[in-house]
Amino acid sequence: GGGLPPPRAAPRGKRQRFVDKNGRCNVQHGNLGGETSRYLSDLFTTLVDLKWRWNLFIFILTYTVAWLFMASMWWVIAYMRGDLNKAHDDSYTPCVANVYNFPSAFLFFIETEATIGYGYRYITDKCPEGIILFLFQSILGSIVDAFLIGCMFIKMSQPKKRAETLMFSEHAAISMRDGKLTLMFRVGNLRNSHMVSAQIRCKLLKSRQTPEGEFLPLDQLELDVGFSTGADQLFLVSPLTICHVIDAKSPFYDLSQRSMQTEQFEIVVILEGIVETTGMTCQARTSYTEDEVLWGHRFFPVISLEEGFFKVDYSQFHATFEVPTPPYSVKEQEEMLLMSSPLIAPAVSNSKERNNSVECLDGLDEVGTKLPSKLQKITGREDFPKKLLRMSSTTSEKAYSMGDLPMKLQRISSVPGNSEEKLVSKTTKMMSDPISQSVADLPPKLQKLSGGGRMEGNLPPKLRKMNSDRFT
């Protein structure tokens, strides 16, 4: 019969973020104890930080209580003086004219507080306690108005609402740019008003353990997005692509496409600037988790030139496309470069193995065009002849002069037909096989070059002519 179905894999839980995509931080403060009194010491900021529903509730409740309290005070004065019973007596002068009961006292207070003054109810000069209460009401009303209306105004004009029109790309991308592995994301401004002195910062949140055994659950590391060069200062008129170059100083130095499957990190992006219209500082935030970083992708261009202006197509703001990108980390690429390079590998080998290193220079011109930029930069330095001489010298080092080797090696390096794979195999063979130190074991070309230790006067005419052309 049919057996039980295979158990299904447990669904992967939702990734817990430290900062949401909209910039909200998922942090709750608990067990404050007696520290809650600090909130009351800064009551204005506390009210501004509250949600709108609580702000409106406090606004309405404060005015309602204040109105009822002050209306009750006017009613108490009228009651104590007996104005409620003699209000209709034309020969009697009450404290407040035409106040018969609590509703009429409440209406008088509202007319006074709102400075409406219909003229039917008014205070008289026969009531000193009423005049004192009127002064107290004016001062208290001004304080309540300034506090609550000011709180509502600040909350409505908060610069965080300006952040709603600052966009971040949904994904970050890692690909090659200018010959370097680069982490990129995009930021844009939807309004025509600018962000003055806009600056962007990036933080990497990742748990780690120190060598002393201390566990840091959310360690914050800085991601350089141009602080040293000033590239973090943005002129945010059109969408910009923010770049973090992954090098030896980057926390992503050993991050590869394969290791991203097991890594767990979060990149927090913080954009700050001054709102041009209000002059207030605004901060927009977002984050990218490891599953939102696309390896081997690049962003679509969004700017096109129209008649007399540049047009930004925000439909392509989040779009990316794949580009050829090595799946290795920068650390792995540098290690492979170190092993395959004909200029660097002999430096870490035994000094007895230097005899045959010139053998690796066959086809150098052809391979040089395929080498990484770091190696091409090394081969373009002025001390290139000295490096080659030092690498190819024997233990006697007097077999040929300083000026002979570079010109001959330039002839050797121009021989076509070698490939990068042949170069790597020759280097590996050179590193593994024991090499004799005698001149007889040198390659035939070097044997012909050294000639048993002959001096510059015995060189072939062609090479002697090339040397004379070089140094004259």
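Just so you know, glycine gets a Cβ as well, placed from its N, Cα and C.
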Stretch carrying region 'Disordered' according to TrEMBL (options 5-43, 434-472): 434-472
Close approaches to the transmembrane segment (56-80) from elsewhere in its chain (Cβ under 8 angstroms; 6 or more beyond its ends): 47, 50, 94-96, 99, 101-102, 105-106, 108-110, 113, 127, 129-130, 133, 137, 140-141, 144, 148, 151-152
Tally of residues which DSSP labels helix, strand or coil - the domain 'Potassium channel inwardly rectifying transmembrane' (19-159): 92 helix, 4 strand, 45 coil
